[in-house]
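Enquirer: Quick one: the structure is below, and I'll ask about it shortly.
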Amino acid sequence: MSVSTPSELDALIEQATSESIPNGDLDLPIALEISDVLRSRRVNPKDSMRCIKKRILNTADNPNTQLSSWKLTNICVKNGGTPFIKEICSREFMDTMEHVILREDSNEELSELVKTILYELYVAFKNDSQLNYVAKVYDKLISRGIKFPEKLTLSNSPTAMFDSKTPADWIDSDACMICSKKFSLLNRKHHCRSCGGVFCQEHSSNSIPLPDLGIYEPVRVCDSCFEDYDLKRHDDSKKSKKHRHKRKKDRDYSTPEDEEELIRKAIELSLKESRNSASSEPIVPVVESKNEVKRQEIEEEEDPDLKAAIQESLREAEEAKLRSERQKASRQMQPQQPSPQPQPIHSVDLSDEEKDSIYMFASLVEKMKSRPLNEILEDSKLQNLAQRVFASKARLNYALNDKAQKYNTLIEMNGKISEIMNIYDRLLEQQLQSINLSQQYTLPQVPSDPYNYLTENVQNPAESYQTPPLQQLSSHQYKPQQDVSRQQSVKANSSPTTNIDHLKTIDVTPHAQQKPQSHVELAPSDPPYPKEEAEDEGTQAVQDEESSTQESRERPYPVETENGETSINKRPQGITRYDFPTVPARKFVQPESTVPLPASSSEIPIKEERPPSPQEELLIEL
């Protein structure tokens, strides 16, 4: 029956301590099966302890079932293994045991059984710091006058009755404990259910049941444990069994003497061969002693694999010897030339032999944890391996320091490169920004219509004060009359203060000097501008324009001179003549009068050249 959960274990415990069994007995095969379940750890030890405690508390009213439950507890304690014993010695279960001892006075058989279990636990684990609560409960019961059975005689090793073989705790490692191969995504790790070691797939591909550990289903085991169980099942001869057990022991804990000797010789030959490439030192042939020959003969008789390995190493030694002799003969035939000796390269990295020694030492130390101390101290091969590993500690520290310095240097260089790249990016951004600004200020905005661009500059001369001066028109250049009139009108509009000053200085004639309106006769009007007058007036306008332009270039503001009134009086005539060519509705005809004119009338011709009235000036400005 395969039990893997606490509920299944409860059912099995009820079956072993059934009420149908008389006289407080129990079903012994089922009880042993329960102990195998506890020893194999298929159920957690704490859960197992709670299952037994629950059965004890539930059967407190039935003396027979209570007795069978404690008998089952005694069997499980002595066959359940150390993890289960730790849970039994905890406060949770020991308080229940103390309560039963103090309560059961009528049932002597049950009381004696519980006292016996407690006393055996006290004698076995009273010096254990992890299980010291048993001693506290024992002292408490002694102080209350509880007497324990004195007829119990324990052997020299009181823990022997509780020493049951259990599956070993799993060991974690990053390499196989047999071939020392590193674990990776493809080379997965596997634990042996017997020894708890970690191995690769190649060395843990066997599956067998482990009845001595309470495991009756095939589980994964390593090659060493598989050979051990295979030898137990197929015990053909005592000699074969003894030899294979010796091989397993040597593989697990130390290197055999002959194998260590062969490895040492192979290393010496390889070192001498490497030295011969740089120097002409002869290789001393290895002379095997008689003891070694006898040992080799024994090994050849016992193990064919070891025999093949020895032959292979001897063959390699012979080949190295022949190769060195050939090199020596070729050097003697060639003329002697001074060959430059290569400079020795000091390498701080560990060699393959040192790495193998470290891995082998680590795996052996893990396996030696479960062995007694005297075997560890007496193992000379393990001590030699430890000395070799400790000798390589200085080189390992130096190599680690060298790698750390290189790492720090690379980190510093990476930081400098990132800082330089940031500075370079900042400079590029500044350069691009300056190029964009220069393009904005240097590139002119070309208008879509050049004629509009020209007319805008001509129609807005008031804005030319902030720009370079206009080119002065020569007398022979052609200029339309319409443009001249436009410029004059703009000038009149752009200088309102001048017109206001002109209005202030206008001399208004008295009503006595003006002729009455009744003498004016209305008649059809003639053309306002004859051809000759138009030409004369155009020439006069060009000259006035040139003079006004010259004055505006010299000084942008009007200059107050002595003849300021005369200049002001002349400007409205030009404005009236060209800007507003209006035709009067009727022509003024002056009737002949017999009244003689005064002498000053010839000096001021009012009829022909009359200055504009203030009303006309206001109309012009509007």
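The backbone N, Cα and C atoms fix where each Cβ goes, and this holds for glycine too.
What Swiss-Prot lists as Zn(2+) 1 binding site is C176, C179, C200, H203, and the listing cites sequence analysis. Here Swiss-Prot flags 239-249 as compositional bias 'Basic residues'. The compositional bias 'Basic and acidic residues' annotation in Swiss-Prot covers 317-328. The annotation compositional bias 'Polar residues' is assigned in Swiss-Prot to 462-500. Under the heading compositional bias 'Acidic residues', Swiss-Prot lists 533-548. Feature annotation from Swiss-Prot assigns domain 'VHS' to 18-149. Here Swiss-Prot flags 236-260, 317-348, 462-622 as region 'Disordered'. Taken from Swiss-Prot, the feature zinc finger covers 170-230, and the record attributes it to sequence analysis.
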Enquirer: C176, C179, C200: which of these binding-site residues has the sparsest Cβ neighbourhood within 10 Å?
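Expert: Per-residue Cβ counts within 10 Å for the binding-site residues C176, C179, C200 bottom out at C179.
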Enquirer: Any same-chain residues 6+ apart from H203 (Zn(2+) 1 binding site) with CB under 8 Å of its CB? Would you list them in sequence order, or say none?
Expert: C176, I178, C179, C222, D223
Enquirer: Any idea what the model's mean pLDDT is for the domain 'VHS' (18-149)?
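Expert: 87, rounded to a whole number.
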Enquirer: Setting C176, C179, C200, H203 aside, what same-chain residues sit with their Cβ within 8 Å of the center of the Cβ atoms that define the Zn(2+) 1 site, listed in sequence order?
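Expert: Result: M177, I178, S180, K181, F199, Q201, E202, S204.
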